[in-house]
Each structure stands twice: as structure tokens, then as C-alpha cells.
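**Q** As annotated in TrEMBL:
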TRANSMEM  43-60  transmembrane segment
TRANSMEM  80-100  transmembrane segment
TRANSMEM  106-128  transmembrane segment
DOMAIN    156-232  domain 'Signal transduction histidine kinase internal region'
Amino acid sequence: MIRSWKKYLFRALGGLVVYTCLRLVNDVISETKFWLRSWTTNMIEIVVTIVATNFYVYFLKREAQRQQRLPAPEPIWKEYGRAALITTAISYVTVIPMAALTDDGLQWYDVVNITLIPLLFVLLYYAILRATASLRKNYEQQLLLEKISNDKLETEMQFLKAQFHPHFLFNALNMIYFQMDESVPEAKQTVEKLSELLRYQLYDQQQQVPVRSELQYLQSFIELQQQRMNQHLQLAVTFDPALQQQHVYPLLLLPLVENAFKYAGGDYWININATLQDQTILFHVSNAVPDVQRVKSGGIGLENLRRRLLLLYPNKHALETMHNGNHYTATLKLTL
């Protein structure tokens, strides 16, 4: 109701502006003073001009809406030419007859003024109307594009997770398979550890998790891997106590640890270190490898990790891997 009232007030004020300009120009040309005229005549002219202004606004809004529905924009001269014709037609149907029936009748300067002055105001209003509509349409299209982009990224993330889970599960089941030949009780313990890890993957997939939960998950994974590794493995794991409630996206650290256990050999050692420096998490994994072994730089795990980092931490991460003779190093930096 208030919005409708403001709309009609705006049109009335617009009509008064048009009428004032018409009167001033006419009075200068005819050397008359409108305040000396009959107030009845003035009120009739004001009312007619306001009515004409309502018609201007109504028909030009419809024209603007029609332009918005067109599959391709019309040439500017054609669009504004149509708006000018609509304005002129309304002026000739409403204001011109009123001018002919008041004062000294319709003069040549009345026709010129009534044609040009409303036209200037109305074309300015129409230009603002079209510009506002175009800005709104562009804004809506931008929002739609952002939504499509976000949906695409979300779909890709789900696809990467769907790839990652079978990859992790394949490695774990492969380990259990060989354990069954050596020790059934150990295989049972491995299954229990595996169930804990899968529970985290299934139920702790919030958008972000405390880094403490992620490190606890890594600890369980390391214990699971130790069950299948040679007892001669020299394993050093250090987690900074300051890493507690900082939030990170889940399952980004696991591929580096998994890679270390997969390729460990030679002197048979693995070092895993996580620290917090300012607002950056530094995750460092290194492992010994046989001199003749070449560690693959790709693979599903690391390639998925690189892609997830690009999606989740754009311009806020660094992943470096290096194979240097008898050891392999991976360093991940995450800026919180």
C-alpha cells in the first residue's frame, strides 16, 4: 500500500515538474504571468499534465518490459524512436486539446513546447528505466552464473571424493587380504581400525573439521599401516600441540601419508611432521626409498589432492614434492 502511494506521488511530482517547465517557457514567450491567471485554469492544466504523465509512465514501462522480453536488443534509434512516438501521441491526445481550450487558444509555440519539453523529460526517464532494468538483468545473470559455477565445483568435489574413497579402500582391503594368510587376529584388528577410518569418512564430512580431528584420523591410519609394515620401520610422527581448533577441509593430509607408506623402502624410515606457523599449517612427510625405485609423481591419490586443493584453497596453498636419490619428500602448506 505504501509502495503504491509513493508510486503515484512520484508521478504527480513528475507531472508538476513538466507543467512548471511548460508554463515558464510559455510565459517567457508570451510575456504573461501564470499567477495572474485564473487558478481554475491553472488547476485544470496541472491535473491534465499529471494525467498525461501517468500515461507516459504506464506505456513506457510496458515498452521497457517488451524490450526485456526480446531475444535480441533492437537498435537504439528504433527503440527510442518508438518511445518518442508514444510520448508525442499521448501529449497530442491530452495536453494539446487542453491548451486549445484555455487562454488564447493553441499557438505555434504551444505545439513546439508541448511536443519537446515532455519528450525530453520522458526520454530521460525511459533511459534511466532501461539502464536500471539492464543492470538488474546483468546482476541476476551474474548470480545465476555464480550458482552454476558453485554447483559445478560441488559436483566435481563429490566426484573427487567418490574416486578417493574406493582408492583408499582398495589399499586397505589389499593389506587385509595378505594379513589373512599370516595372522587372522591381526587381520581382525585391521578390520576394526578400518571401520573407524570409514566411519570418519562417512559421518565427519562437514564442510570443515577441526584440525585436531584430522590429525586423530591420521594417527588411526598410521596405526593401521603399522600393522602391515615390517617391524624394522623407523617411524617418527610429530604433531604440533598448537594444532587444535583450526578448521580445515577433511582428508587433505591423508594422501601424503598414504604415499609415504606405499613407497617406503631402502633405509626404511618415515617422518611425518605437522606444525603451525602464524596462520599457516605446514605438513611435511618424507620417507626413504630404494635407490632404484622411482616414485610416481601422479596417481589417483596425489592428482585428486592437487585438484581438491585448487578448489578448496585457491591461492592459499602450496604442495611441493621432491625425489632426491634415496628419499622422497612432500610438503603441504595451507593458509587458514
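Keep in mind that glycine also has a Cβ here, set from the backbone N, Cα and C atoms.
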**Q** Using a Cβ cut-off of under 8 Å, list the residues of the same chain at least 6 residues beyond the transmembrane segment (43-60) that approach it.
**A** 8, 11-12, 14-16, 18-19, 22-23, 83, 86-87, 90-91, 94-95, 98, 102, 118, 122, 125-126, 129
**Q** Would you mind giving the whole-number mean pLDDT across the domain 'Signal transduction histidine kinase internal region' (156-232)?
**A** 73
